[in-house]
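> Per TrEMBL, the features are:
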{"type": "DOMAIN", "residues": "A:21-107", "note": "domain 'Pyrroline-5-carboxylate reductase catalytic N-terminal'"}
{"type": "TRANSMEM", "residues": "A:202-220", "note": "transmembrane segment"}
{"type": "TRANSMEM", "residues": "A:249-271", "note": "transmembrane segment"}
{"type": "DOMAIN", "residues": "A:249-394", "note": "domain 'Ferric oxidoreductase'"}
{"type": "TRANSMEM", "residues": "A:292-313", "note": "transmembrane segment"}
{"type": "TRANSMEM", "residues": "A:347-365", "note": "transmembrane segment"}
{"type": "TRANSMEM", "residues": "A:386-407", "note": "transmembrane segment"}
{"type": "TRANSMEM", "residues": "A:419-442", "note": "transmembrane segment"}
Amino acid sequence: MNKNSSNIMALAPNTSNKRETVCIFGTGDFGRALGHKMIQSGYPVVFGSRSTQTSSLIPKDAEVLSHAEAAQKAAIIIIAIQREHYDFLIPLAEILHGKVLVDVSNNLKINQYPESNAEYLAQLVPGAKVVKAFNTVSAWALQSGTVDASRQVFVCGDNMEAKQMVMDIVRALGLTPLDQGSLLAAQEIENYPLQLFPMWKFPILLSLGLAAFFFVYSLIRDVIYPYVYENKDFSFFIAISIPNRICPVVALILLALVYLPGVLAAIIQLYRGTKYCRFPDWLDKWMLCRKQLGLVALAFASLHVLYTLVIPIRSFVRWRISSRILSQALKNVTEPLNTTHAWLSDSYLALGILGFFLFVLLGITSLPSVSNNVNWREFRFVQSKLGYLTLILCTAHTLVYGGNRFLSPSSYRWYLPNAYMLSLIVPCIVLVVKFVLIFPCLDKPLSQIRQGWERNPQYSE
Amino acid sequence: MNKNSSNIMALAPNTSNKRETVCIFGTGDFGRALGHKMIQSGYPVVFGSRSTQTSSLIPKDAEVLSHAEAAQKAAIIIIAIQREHYDFLIPLAEILHGKVLVDVSNNLKINQYPESNAEYLAQLVPGAKVVKAFNTVSAWALQSGTVDASRQVFVCGDNMEAKQMVMDIVRALGLTPLDQGSLLAAQEIENYPLQLFPMWKFPILLSLGLAAFFFVYSLIRDVIYPYVYENKDFSFFIAISIPNRICPVVALILLALVYLPGVLAAIIQLYRGTKYCRFPDWLDKWMLCRKQLGLVALAFASLHVLYTLVIPIRSFVRWRISSRILSQALKNVTEPLNTTHAWLSDSYLALGILGFFLFVLLGITSLPSVSNNVNWREFRFVQSKLGYLTLILCTAHTLVYGGNRFLSPSSYRWYLPNAYMLSLIVPCIVLVVKFVLIFPCLDKPLSQIRQGWERNPQYSE
Amino acid sequence: MNKNSSNIMALAPNTSNKRETVCIFGTGDFGRALGHKMIQSGYPVVFGSRSTQTSSLIPKDAEVLSHAEAAQKAAIIIIAIQREHYDFLIPLAEILHGKVLVDVSNNLKINQYPESNAEYLAQLVPGAKVVKAFNTVSAWALQSGTVDASRQVFVCGDNMEAKQMVMDIVRALGLTPLDQGSLLAAQEIENYPLQLFPMWKFPILLSLGLAAFFFVYSLIRDVIYPYVYENKDFSFFIAISIPNRICPVVALILLALVYLPGVLAAIIQLYRGTKYCRFPDWLDKWMLCRKQLGLVALAFASLHVLYTLVIPIRSFVRWRISSRILSQALKNVTEPLNTTHAWLSDSYLALGILGFFLFVLLGITSLPSVSNNVNWREFRFVQSKLGYLTLILCTAHTLVYGGNRFLSPSSYRWYLPNAYMLSLIVPCIVLVVKFVLIFPCLDKPLSQIRQGWERNPQYSE
């Protein structure tokens, strides 16, 4: 159901009031925001507070009582208090016996405490049914109604019925509960909102590093060299020409790095003769961020496509073409069509188009909603078969683009080869090794190993 | 599980028949369609009808009995009858006691009745367990098997077990049940199928209004003016040139309008000194449709990109370029490269490419399946940081494009400035105000207010 | 919750060990992989095996016992054994009474056995609570942690509580359980991992067939004909020019084929006067793969766009333009602007851009996560109204492109018309018939029929 309707719903006061009373311990920002939202959704709310003096900040329709009194009025008590103050619940243990306690707390650092806040709460009040929930939504989101991102509320707890009661409240608030199992999942749920794209850090840093290196490299070759030797000012290359050199180079290297760990893993398994031995840690981490590497590569490839397609609109390119035509007109020469040249130009463009097309297809299948709709066999087909085809097409695109310039001395300025030549190293290694691994003499033992067979059982001991 | 497999399953008759009998009250179109589908899925179906005469329309394998007889044969009774006729169930109350009644009805208007049909049914037959379900699928979809869109069936009800039974039937029919909580959610579920993109109405109308205004504006400047003063027929500009002026202008204004309400909200909060005071209604509504505004802006930006990239293929542009070259050839002049011009041209293209790239990234992260996979912190990072960067890049793109033409009198025809100059007003205001709000003297109190602090508590009283 | 966090979680050993013991029957590859993963997630694991000799392959922290002993230690027993060997469970029936048996088996062929493996297991051990789960994940995925695709685990079973226990384990392993209802769904779940894009086969084969036909057709017209009659070598057309003829032609035909079955169905229903009569089998199948047909058409359309946009970068095109300008320069002629030509060129480009734009919009709305967020009415609006508009725009694009060349004899080489002329046949038929069906005299009875009305009740008898 879309946001809108649930928001309208939430604000509609014409619901007959048969919701159960909910108690909230703590009148801080999050407690108040949650209270507001619950009252809007038709729940009678009672606040438990040290000072029972009604503050103007507390929602008007809510009662404010002492902790003990408030707890007695409701079956569900939301603990909107920081972990450091949980101690005050110990004297209330008797009143809280059998009640559902909802831990909504977050920490400041990942794995700040040895056990999760919810498990700590369960230890302090052993008679209560502790449920972890609501920690992934912010007070600001609840207040402002801008819940585009965080409609998901992770819920976990050991008591099934308590969990169901909390999940019903979550639904009534227009949010989506996600059952995460027993209270053991609380640590993970508490760490979740503290993350900032953890899997993307390495791919993005790597690509930025590569981009910076190739920027300096291309600047030397394409701007400084002509300025020094020919005294020409090509500084405007910084805007489009140089980025359009960096992007394809970085994209191709990153794409090859997506497939390199798989090839390395195969070599390690062949060498060890077993799959039951852990890979080195760096390889494990590398394998886990392959999807992100691939998507960053796709981003660079898309930029390359855009930069390439605007070429004919560029003022510099128009000037170059017209000055070429004019020089021919002045000399009264008409060049005939160079068929080889036409072949080369058309085929590297065609290879690039097909490679990019498959790359976008891979990107689309990595969207969560699409990849959830394919089974393991289909996923392997797309990511492995189509992935290698993409790599082959993109490598061929670069090779044909370079064409016969590899051996021409004019493409080496200050002994620096063209950037695209450097970019071919990793993909070519990956493709050659993969090609070798396809030979039956290597493919057969590898398949056996991956099905659980062991050559040297002593390895895994 | 994908459509296909479940369809194959549904048609496979080799399932051992241990499904429980389901009773359907009403032999109208929807009742029959649901009955067909249930028989295909292995459920014995019994129809309850006023006339027990078997019509040719009713599925062959189904029995047709009187309402009372039919109800006794099954634990689950689907009420495929319009709300106006629910009265006939009152005499059956005794037989229906303890049964699961499934309300599948829909209304003709949003909020047609004070209480939802399902709640009305629960009041009429207090002894039965009422579950709301199936109202979001259409008879035609059930019949034809084209269930691409509406595989989701919203289910709500106060009795947990009854809800589970209905959800199991939904799954067996190859559809996806979505638990929406207690019967209070029925009103919302009944309103859901009546909506037609409610959140999109304002953004689309606004963008069409802007597009119409700028169409007339550009028509006057670019077609009528040259026709009147230079007697040139540029009517074919209507196909590409004018749309390519409208699209970027509308896209930039809409993008700025996405960020304007956030800036306004900050000003209001700073002025009031509290966040516990509701925003004016128009601001609330505006904030809720920001995502849609942004996506419409992205659509216009994409059209602008396509219109721009076809420029060199246009017959008019080719003619213009060749006539320019020919006039130079006739005069025997070769223009040198204008580096400033090359810089300007390349940098506005580069800014546009980067801005569009980030814009597409924002669009992708607003896909439900992607935004569900990021936490609140990540979502804020993308939508706020990257969003403002996009706005800055797109505004800079327009500024550099305009370049030194702002003060040139030739760009004012009939005192009308170029359309892109008008489009810069809103984005520049938003960026300047946002820039001011970043200063610590304003940013600090704003952060405090958003964490629940109040400067003037009297405001929220 | 994203992959990453759950992986970190899974490896973190600081979880207090209160998980229940799980027993695994079978020490094969999948059993061991599952055992590994469960131990990592904090479950004590006990293996049941014929030989209780601990192999080096078995996870170190797991116990290996005889089947009977192992079964007594746990409430949940995972049967990681092939269906052929299920017989050995019969003597253990007494020990297994009341236990939860998890069937994880897969078959080699779709519908290999008359009943699913899980149902067979339930028949063999009638006292146990059989749950089907885990068959959609592979041992390799569990081992390597690459669970990008297959995080979904389909779970079904007749006992609610047993299903909940298994779903909790699934969640603890960092996977997503999907309740599929009763054990009857097991057959479908077992077939699921054996599929390889079943719905895509027909659309892809059809499009490849069409592409091959038009490739040969264009080769004859555009390469062989000029070679024979004018002795010109245009073989490089194979790279871009010919694909750019094939792609739009195939895309337009496929798009028309998406709407043809709907039109045929309407005609059949009008003729029969009822909707309660099944369509011919081929029409049913055709209707079920319309979405796939449309997406393949979109892929070809996207390639067409890319091939078109690189036109001005092609070396051949640059040569042709410059040689045209040079020939004008030599003759000292300046052609005036041909306004009709400019109109035609701009309007077919504009029609193509708008058609492609709507086509992409249709593609985006067919993403599972997007289509799940629209209701039936909205889905019909997008797929029907916008779909036909797309077809109209794309047909108009082709018609205007062809323009006045239809009757020119030069476009018929060896009596073969241009490929785009052939591509117009199906879309024009669809649009004409659809236009006829909109007339009230046909639309009214059709709407009535679709609401369940019958003209000739004898048909459905």
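Heads up, the Cβ atoms here are built off N, Cα and C, so glycines get one too.
Situate these features within the shown structure.
When DSSP labels each residue, the domain 'Pyrroline-5-carboxylate reductase catalytic N-terminal' (A:21-107) comes out as 32 helix, 19 strand, 36 coil, counted as helix, strand and coil in that order.
Packing against the transmembrane segment (A:202-220) from elsewhere in the chain are residues 238, 242, 245-246, 249-250, 253-254, 257, 285, 289, 292-293, 295-297, 300, 414, 416, 419, 422: each is 6 or more residues past its ends and has a CB under 8 Å from a CB in it.
Away from its own ends, the transmembrane segment (A:419-442) comes close to residues 214, 217-218, 221, 245-246, 248-250, 252-253, 255-257, 259-260, 263, 266-267, 270, 388, 391-392, 394-395, 398-399, 401-402, 406 of its chain (Cβ-Cβ under 8 Å, at least six residues beyond either end).
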> Under the DSSP assignment, what numbers of helix, strand and coil residues are found in the domain 'Ferric oxidoreductase' (A:249-394)?
122 helix, 0 strand, 24 coil
> Limited to the domain 'Ferric oxidoreductase' (A:249-394), I'd like the whole-number average of pLDDT.
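Taking every residue in the domain 'Ferric oxidoreductase' (A:249-394) and averaging pLDDT yields 90.
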